[in-house]
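Enquirer: I'd like to ask you about the structure that follows.
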Amino acid sequence: MNYFQSIIISIIEGLTEFLPISSTAHMRFANPMIGVSPSPFVDMFEVVIQLAAILSVVVIYYKKFFDFSKSVFYVKLIIAVIPALIFGAILKSHIDEVLNNVTFIAWVMLLGGVILLFIDKMFTRNLIDDDREITIKRAFVIGGFQVLAIVFPGLSRSAATIIGGMSQKLTRRVAAEFSFFLAVPTMFAASVKSFWDVYKDHPEVLNKDSYAVLGVGAVVSFIVALLAVKFFISYLQKHGFKAFGVYRIILGIVMLVLIYTGYIK
């Protein structure tokens, strides 16, 4: 992977990580178009730039994220991340298989879009607009929804956890913000594991040049994500999910056409 490829993929990641449109699907779609082939380094690169994008949340919400007087906030995050850690370990072979199955990802992208068309009308009553009312039980349920994004790449971790939050009567804003917070420990754990796996099994790909590519990608992803988060919260409060559903359906169809015509393999 060269610097140009690194920057393009990182821009895509920064733009899509917090939108309910699946950053994984976009990267699987974009990689072959710019000449990026699957490799252990590329897998690690994608996880690292996802973490970099997610760290933008820590900057934007630093007052809330580092309010150590409210220890229950951290307890909720720990409880919520447990399902992903457990099922991520149990289903590792399945995850590795479907992550490389672009047809599967494209279908999940399309069907997830259909769900988003109707999601705003499904959860409209007794909405909670204060994150302090997210109980331990609600946090755990939201974490369970995150597992769906692990099992079905292309669904979108953001979409799954926001829908999970809305199923617990949270407003779109509160559900989205908790989804952002939950991403931090989840992706930190994924990044550490990915880096360790590459270090252990493919140490030859870790050198001065690869670290530089990682660094450039992380910085670009972080900066782009800063802008995307602010846009998403504002847009979501005013307009909901319908436009994202339409976009997913269109992209899913385009991906399937390119797959079945042999352009993407």
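Any Cβ shown, glycine's included, is placed from N, Cα and C.
Marked as transmembrane segment by TrEMBL: 41-61, 73-91, 98-119, 139-162, 174-192, 212-233, 245-264.
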Enquirer: At a Cβ cut-off of 8 Å, and with pairs 6 or more apart in sequence only, do we get at least 3 pairs between the transmembrane segment (98-119) and the transmembrane segment (245-264), yes or no?
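Expert: Yes, since the transmembrane segment (98-119) and the transmembrane segment (245-264) share at least 3 Cβ pairs closer than 8 Å, they count as touching.
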Enquirer: Which residues, given as numbers and ranges, are at least 6 beyond the ends of the transmembrane segment (139-162) yet have a Cβ under 8 Å from it?
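Expert: Cβ under 8 Å, 6 or more out: 17-25, 76-77, 79-84, 87-88, 91, 94-95, 98-99, 104-109, 112, 116, 168, 172, 175-176, 178-179, 182-183, 186, 244.
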Enquirer: Excluding the flanking five residues on each side, which residues at least 6 beyond the ends of the transmembrane segment (41-61) place their CB within less than 8 Å of a CB in that stretch?
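Expert: Those are 1, 6, 9-10, 13-14, 17-18, 23-24, 27, 31, 177, 180-181, 183-184, 187-188, 190-191, 194-195, 197-198, 202, 205, 210, 213-214, 217-226, 229-230, in sequence order.
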